[in-house]
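Inspection log for the structure reproduced underneath, given as structure tokens.
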């Protein structure tokens, strides 16, 4: 299992963005980006399945901006369900992407999965962040959609997930 990753993406942060980033403690980063033809594969892991899902959501948002520049000014909740763990992960990420792209332009600094009901495949989560603003947050690459292509959920001793996102 990989260790916590250091964010090496260069966003050419302004002094104001660096100041916001320094204002809050860094959020644990247990994810990486894997090369994939024309898309990006997210690989996230955690001590629990909940943490692996959280990290996958943060990997998705981390591809769109430096989440360290986001201030936890608002709270957004997402509840979703699926037919199995893969569809639950898909709908979880899709709902968070909707909060960003179509609904509130909400970008989280942190996402926390409050519970996963693995019997009925339901999930409750919460995120702390703010409305995305180009004047405040560096622009990464837009995530257009979540895909089922090569999606994997390993719910074992060291849970990990793999998801391809369409960019």
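Glycine residues also receive a Cβ, built from the backbone N, Cα and C atoms like all the rest.
Fair warning: this is a prediction, and the values are worked out from it, not measured in the lab.
Annotation source Swiss-Prot lists N-acetylalanine at 2.
Per Swiss-Prot, the feature Ca(2+) binding site maps to 39, 166, 167. In the three-state DSSP reading, residue 39 (Ca(2+) binding site) counts as strand.
The Ca(2+) site is set by 39, 166, 167; from the centre of their CB atoms, other residues of the chain with a CB within 8 Å are 36, 38, 40, 143, 144, 145, 147, 164, 165. Looking only at the binding-site residues 39, 166, the densest Cβ neighbourhood within 10 Å occurs at 39. Long-range Cβ neighbours of residue 167 (Ca(2+) binding site) (same chain, at least 6 residues apart, Cβ-Cβ under 8 Å): 38, 39, 40, 63, 141, 142, 143, 144.
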